[in-house]
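Colleague: What TrEMBL records for B:121-412 is domain 'NADH:quinone oxidoreductase/Mrp antiporter transmembrane'. As annotated by TrEMBL, transmembrane segment applies to B:6-26, B:35-54, B:74-92, B:127-146, B:158-177, B:197-222, B:234-255, B:261-282, B:294-314, B:320-343, B:355-377, B:397-417 (among others).
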Amino acid sequence: MNNDLNPALFYFLAAVMLLSALAIVYCRNLVYSALFMVVCFLSIAGLYAMISADFLAAVQIMVYAGTIVILIVLCIMITRRTTMERTNMPEKKYILRASVLAGLLFFLLAYIFVNSEVLPTTNNIIALSGDTVSGLADLLLGHYMLAFEIAAVLLLAAMIGAVVLAKGADEK
Amino acid sequence: MNLYVIYPEITVLVLALALIIIDLLLPSEETRRPLGYITILVLSILAISLFWQYHLTISAYFYQGLFYYDNYAIFFKQLFLLAVILTVLFSLQYIDTMKYSSEFYSMILFALTGMMILASANDFLTFFIGLELMTISFYALSGFGLTNKKSSEAAIKYLIIGSLSTAVTLYGISLIYGTAHSFDFAVVCKNPEFFSALGIAGMMMITAGIFFKMSIIPFHMWAPDTYEGAPVPVTGLLAMGSKAAAIAVFMRILFEAFFPAADYFMPVLAVFSAICMIGGNIAAMKQKNIKRMLAYSSIAQAGYMMVGICAASPQGLKGVLFYAFLYVLANTGAFAVVTVVALEKKGTDYEQFTALSQSAPVLAMVMSVSLLSMAGIPPTAGFAGKLYLFMAVVEHGYLWLAFVGFIMSMLSVYYYLKVVRVMYTGKSDGSTITISGAVRAAVLISMTATVVFGVWPQYLSMLTDFAAITFLR
């Protein structure tokens with residue numbers, strides 16, 4: 001686990017991430033967008049791995065690149081249509097307003113991040129005694145135990161809600 | 001670890017799970033009405049038991065300073081319990097017509113758990129999970145009108161815009177964590193680096209996320225459609241519980257975590273509050289649907305409550321707590337009537353309310369009293385509440401804000417009285433609406449309490465004073 005970022009690798013991953021993110025938005029075919037999403041998520045996982053967040057990288061690959069994308073592709077499959085052409089058309093009406101707002105937000109945040117002196121540097125990285133997984137487990141089952149338990153309730157509530165809405169009114 | 005501190009949450013949660021299991025055991029053709037009675041009974045006992053939890057000593061924590069159990073949290077827990085009890089009471093009949101009534105009860109209880117957690121949350125992680133538990137339950141609840149297209153529309157709109165606001169909140173929390181290296185409110189405010197550009201960006205994002213939940217203009221675009229489409233009891237809970245929970249946690253975050261920056265927040269909050277009062281009241285005037293009108297009126301009410309936050313004093317907070325309480329009472333009355341009318345006349349437009357005074361005199365009277373209380377007309381509690389709020393903010397120097405609030409209250413009388421006029425004039429079609437005992441109980445409780453707290457606010461005022469003073473020492 002080394003903390004120094006390899007600049008070449010970082011720029012490569014960042015470029016892949018940005019390009020695939022653009023491709024998600026600009027692909028006219030929804031299936032291609034979903035597949036580009038895998039690329040985007042994998043490069044984010046690569047970035048996580050570079051800052052020694054190995055558990056986060058694994059979760060990113062398993063949950064996002066694996067499950068979420070498969071879920072999206074399945075949803076496309078069950079909402080049947082004759083052709084996949086032109087299924088992900090850009091909304092022309094709002095494009096100017098949206099790009100101005102997004103650009104403004106980008107420059108403001110970029111300004112803040114570049115000028116900020118409190119971002120994690122080498123001297124305020126929290127040292128872990130063991131690996132990241134056991135460190136996380138200590139926090140989740142110790143200090144943040146209550147939040148962890150509530151998360152379980154949250155999942156149950158979400159599941160009950162989803163089942164009710166998915167069963168719908170038709171079935172007996 | 002102090003398990004005793006979370007006994008209200010545990011009780012509600014066990015009740016929610018028990019209801020699901022009982023539903024499985026009951027034969028499917030049986031009515032689910034007993035589940036509603038169990039809910040009301042257990043929650044009432046819990047709400048009364050919380051009166052013994054007010055304390056003068058140092059408040060208890062659940063674990064290492066997380067999950068605070070102070071008078072402020074206890075007051076809000078009682079408020080949410082009251083809102084849910086009254087909502088279940090007046091909507092027993094409405095819920096019977098639903099397909100999944102027991103799941104409906106348990107989803108309401110899950111949302112209640114989320115609200116109660118929000119009132120106690122003392123770190124950003126618990127806050128976030130509590131917020132999610134509440135809003136995800138509400139996403140599902142607003143879609144529970146399964147045969148109604150508008151209900152699905154309401155759920156989808158709320159889901160998409162709500163998820164967006166959640167993402168903004170989460171990003172803000174991550175920025176705060178990046179600067180202050182802690183989730184704990186008490187630790188965050190002590191970190192000197194917290195008051196930097198990055199920290200301010202984080203604060204703004206968290207504030208924007210909470211404003212979505214409070215439906216403050218300009219973050220209100222989901223509210224009218226969701227309020228109109230969702231089943232009436234859910235609309236009532238969204239207006240009362242969800243909004244009060246967001247206000248509770250916002251005040252805690254503002255005065256604990258963001259305390260070093262709180263003074264800079266006040267002018268901004270004052271502007272938002274004025275926009276809310278003006279925009280909400282003016283938009284409410286031209287609505288044709290009572291639920292939409294109540295949605296815009298609830299936006300305006302959120303603006304009034306923000307006035308109290310701007311005062312940043314125990315008096316201001318006391319005003320907010322007092323107003324939140326009677327706002328729950330007034331809304332119960334109004335939404336109980338809307339529920340009955342929606343059930344009997346299959347609609348909530350102004351036409352359905354024509355000559356309600358002849359078909360159901362009790363309902364017409366309760367509706368009038370509730371609306372007058374929202375407008376702040378003297379004998380009702382709304383007047384006392386607005387008096388506390390505006391007095392506190394004038395003491396703090398925001399005379400113009402109190403002036404805007406005063407003018408807007410006057411204007412709001414117009415559209416509230418429009419409903420009253422519709423109910424008391426017009427030709428009746430001769431039908432009478434039979435009111436069940438539960439609805440009668442709910443509306444009479446809310447009306448009596450509204451009038452009693454209006455002429456005699458002493459005890460409620462003492463309670464809110466107590467909660468506010470121990471919070472803002």
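Glycine residues also receive a Cβ, built from the backbone N, Cα and C atoms like all the rest.
Those TrEMBL annotations? Automatic predictions, nothing curated.
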Colleague: May I ask whether the transmembrane segment (B:320-343) has at least three C-beta pairs under 8 Å with the transmembrane segment (B:261-282), counting pairs 6 or more apart in sequence?
Modeller: no
Colleague: Count the Cβ pairs between the transmembrane segment (B:74-92) and the transmembrane segment (B:320-343) that lie under 8 angstroms and are 6 or more residues apart in sequence, then report whether there are at least 3.
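Modeller: Yes, since the transmembrane segment (B:74-92) and the transmembrane segment (B:320-343) share at least 3 Cβ pairs closer than 8 Å, they count as touching.
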Colleague: Considering only Cβ pairs within less than 8 angstroms, which of the stretches B:127-146, B:158-177, B:294-314 has the most against the transmembrane segment (B:320-343)?
Modeller: B:294-314
